[in-house]
Amino acid sequence: MPKLTVDGIEVEVPQGATVLQACEAAGKEIPRFCYHERLSIAGNCRMCLVEMEKSPKPVASCAMPASDGQVVKTNSEVTRKAREGVMEFLLINHPLDCPICDQGGECDLQDQALNYGRGRSRYQENKRAVTEKYMGPIIKTVMTRCIHCTRCVRFAEEVAGVEEIGAVGRGENMQITTYLEQAATSELSGNVIDLCPVGALTSKPYAFESRPWELVKTNGIDVMDAVGSNVRYDSRGPQVLRVLPRVNDDVNEEWLSDKGRYGPLGLMKRRLDAPYIRENGKLRRATWKDAFAAVKRGLSGLGGEQIGAIAGDLVDVESMVALKDLLAQLGSSRHECRQDGAQLGGEISGVRASYLFNTGIAPLETADVVLLIGSNPRWEAPLVNTRIRKAVRRGAAKVFAIGPEVDLTYEAEWLGGDLTVLGSLPQAVVDALKGAERPAVIVGQGALARTDGAGVLAAVETLVRDFNLVRDGWNGFNVLHTAAGRVGGLDIGFTAEGGVSRILADAESGALKALFLHGADEIDAGALPGVFKIYVGHHGDRGVRHADVILPAASFAEKDATWVNMEGRVQRSNRAVFPPGDAREDWAIFRALSDVLGSPLGYDDMDALRARIAREFPLLADEGLAVVGWDSFSIPGRSEVQPEPVRYSFENYYMTNPVARASEVMQQCSEIILHGNEDVLEAAE
Amino acid sequence: MTAATYSSVAHTHEMAPEKPDHHAFDGFQWTEENAKSAARQIAKYPEGRQQSAVMGLLDLAQRQIGVQTETQGWLPIPVIEFVAKQLSMPYIRVYEVASFYTMYNLAPVGKYHVQLCGTTPCMLRGSDDVMRALNEKGIRKGKTTPDGLFTLTEVECMGNCANAPMLQINDDNYEDLDADSTARIIDALAAGDRPQPGSQTGRKSSEPAGGPTTLKEFTA
C-alpha cells in the first residue's frame, strides 16, 4: 500500500495503482485522453503529465506506478506548462470545426482545451487532413479530428474481442481505420463512439440531430436483451434521439450493445397510435370506447379457461400483473410469458433459482470453467459475453460449448450440437468441471425452447449435483435469458400449464375462444382463425396482422416500469417521452377495460399498482438484486433429451423484437453486417 | 484518337494512377523453398509467440512477389491475409505492421526501387544534384518509369551520413554520389548490369576521403 503526497495531501492507494489514480484519490482532477479505467494503459496522449519531485521531467501519471514517498504536484507551474504544451501540440492538427461537430458540448478535447489550454494558437502552418473512413452504419467518422488516443483500437481488441480497428501508417501519417474500411462487425461497436474523446467517431444515426444541452435525460433500463443494461434516454419533444449507457459495474459496466443503443430508434416507426377494430377482414381506426365495446362483444359469453393471454418479450412487470388481474376477473389463469416455448419456471420448475442466472453477471468474470449449453451469448447477451471473455483473458478460463460453432470472440472447445452429450460429457469436460473452483454452466433458451426442454433442464440440474456447482459463495447454475420481460413474468407466475403450445393447441381445437396478445410478436397468431384476438402493444409487427382488436399501448420508454433482469435484479425505468397519439400505458388500458367488462381492478394509479405487486411479490417491491438463495429442484414427468441438434435463439442478432425490426439502423446493420449487402447504406442516403 | 483526347487520357493517368490489382495474387502460397524458410523463422520464437515472425514473413512474401513479378516486390492484400492466417493474427494487426514500415511496399514498384535520402546531411552534400540527375533520366519521385524499371522514393535518413549523398537501390547502397556517378549507375542498371555498390569515389567504407589521417601505422 504505497503512501504518497499529492499537492500536500497524503494518500494511500492499493498496490499497483497509478499516480493518476492516486491523484484522483486525493480529489485532484487530471486531464486525460488516452487513459480509460476499463482499457489497458497506452500512455500516448501525454495530457496527464504532472510534476513529480526527484523526476527531471514531468511524468505521465497514467502510466507511472504509484510508489512510496512520491511527491506529486498537480497545480504547479511545471505541470501547467506541460499541459499547455501538450494541448498546443494536440490542437496543431485538430480542426477548429466545433460549431459543426457533433461532439460539441460533450467533447473532452473542447473541455480540456478550455481548462488547460493556452487560449490562443501560435501555429501558422497548414494543418493535416485525413480522409473519412467507412466503418459501417453505426459509426460516423471525421478522421481529421482524431488525436490518436487509440481508445477505439484498444476497446475493439480488449473488450469487444473483434480485432478490426487499427492504426495504420506511422508518425504524422498514422490513421485509425477498420481493416480495408469494412463495416465494424462487433455487437458492441457503438461503444467506441462514447469512448472517442473527440468528434472523430460519432454516431451516424444521431448526426446533426441535436446538441446535448437540448436533450432531456431520463434513466431507463435496456430491454433489447435480458441483461438489464442501465441506460439513459436522451429525448427532445416526443422523440428519443439517442440511448447512452449509464455506469453500473454490476450489470453493464459502462457499455451498451448496439441493439440497446440503436434498437430504440425504432420507437418512432410503425407505431400503433390509435385503437383499431377488424371489420369484414379490414382494420378500421376506432375510438377507445368502440374498441372496448368490441372487446366486450368478443368476450361476451366466454368464461374462464376459454380466454388466454400471451405476453411478449418487452413487457414490464406492472403491465403483466394488470393483465393477470384482468384475466383473474374473467375467471382465467391461462396467461403465458414464455413466448418462445422455453420449458422452465412455472409448472416445470417452480423454484426461482431454477430460471435465474445465479452466478450473476459481474461474478461470472471470475469463473474458471464455463460450459455453454445451446447458447450463443455473443448474440443473446453481448454484455454477458464480455464477462466470459474477461474470464478467459484474465484467468485463462476454459470454455466448452454445445451448439453450432460460432465465433464467440474467445477460444471455446466445441462439443457438437447434440444435447444428449449432457448425459455423457467427454472426459476433458468432466475433469475440468471436477477440478474447477468456480465452474459456471450456462443454458440458453435455444436448448430449453424445444419439446424436450424440460429434459434438458433436468439434465443440467443433474450436472449441478454431479459437479457440486452450487457451493459456498458460488452458484454455477445459470439460465441465459433473451427476453427483458421473461424473468419478471416468471416471478409473478405469468405462466400456464403446458405453455404456449397448449394455448395454441387449444385455440386450434376450439377450447380457447379469445386470446390477449400482449406485445406478443414472435408467435404465429395467423394459425388461429376461430379465436378472438386482442393485440395490446406498441408496434405494428407480426402480432397485429391477424388481430381483431388493437389497443395501442406505451413502449418501454413511455412508461414507468419495473424490469427483472436474467440474474433476478429488479430495476426501475422512468418515462422518457409520452406515447404517441391515443396510445396509453398498458396497466391503464387493462384498468379501463376491466371497468367496461364489469368489475374494475383495485388500483387507480401506478403507486397503488406497485403496492399491490409488493404485497403479493415482496421480492419485486424494491430495486436491487433480489436473492432467494438456492433451492434444489426436480422436474416432474420430464422428457428424455432428444439427439436433435440444438439451435440458438436468434438467427439474426439485429432483428429480434418488434422495436429493433422497426429501427432503420438495425435493418442496415442486418443487411450490411450479416448479409454483406453494402449497397443498402448508399441507397438509403 | 485525336490529340486532345490523347492528352486528356494522359492527364487522367497521371492524376490517378491505376489501382494495383490485388486479386491477381489471390490464392498466394509459399514456394517450396520459402515455406521452409518461413517455418524456420517461426521456429525462432517460443510456442505461442509465433506472431513475432510477422516482419520476417512479410519480407519473405514481398521478395517472393518480387521474383514472381520481376520487380522489387510488394504486399497485395491476399498476401497480407495469407501471412496473418499463418500466424493466427487478425488481418488488421498485420496490415498495421506492413503500413508502419517503409520497407514494405503497399503498391507495386519497378524492378529497381530507388530510394534517395534527402535528409539534412545528404542534402548538404548534394542530394539535390542526385535528384536532378535522376530526373534527367526520366525517373520521377513517387512514380515508376513507363518501362517498369525504376521507382523513385525520397526517404529519410538511411544511416549513411558519412558517405552522403546516397541511394538505396533494392538491397544495395550507393554512396558518395554526384550527378555523374548517379547517371552512370542508372545507365548500368538499365543495361542489365549490377554496378559495384558502396562508395562511388573509391574510398573504403567510411574512411576519410583521400585515405586515413590518423593511426596510419596500422594501415600499412
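Cβ atoms here come from the backbone N, Cα and C positions, even for glycine.
DSSP classifies B:Cys122 ([2Fe-2S] cluster binding site) as helix under the three-state reduction. The [2Fe-2S] cluster binding site annotation in TrEMBL covers B:Cys117, B:Cys122, B:Cys157, B:Cys161.
The compositional bias 'Polar residues' annotation in TrEMBL covers B:1-10.
Marked as compositional bias 'Basic and acidic residues' by TrEMBL: B:11-24.
The region 'Disordered' annotation in TrEMBL covers B:1-24 (among others).
For B:190-220 (among others), the entry in TrEMBL reads region 'Disordered'.
Proximity of B:Cys122 ([2Fe-2S] cluster binding site) to non-local residues of its own chain (separation of 6 or more, Cβ distance below 8 Å) is seen for B:Cys157, B:Cys161, B:Ala164, B:Pro165, B:Met166, given in sequence order.
The binding-site residues considered are B:Cys117, B:Cys157, B:Cys161; of these, B:Cys157 has the fewest other C-beta atoms within 10 angstroms of its C-beta. DSSP classifies B:Cys161 ([2Fe-2S] cluster binding site) as helix under the three-state reduction. DSSP assignment over the region 'Disordered' (B:190-220) gives 4 helix, 2 strand, 25 coil.
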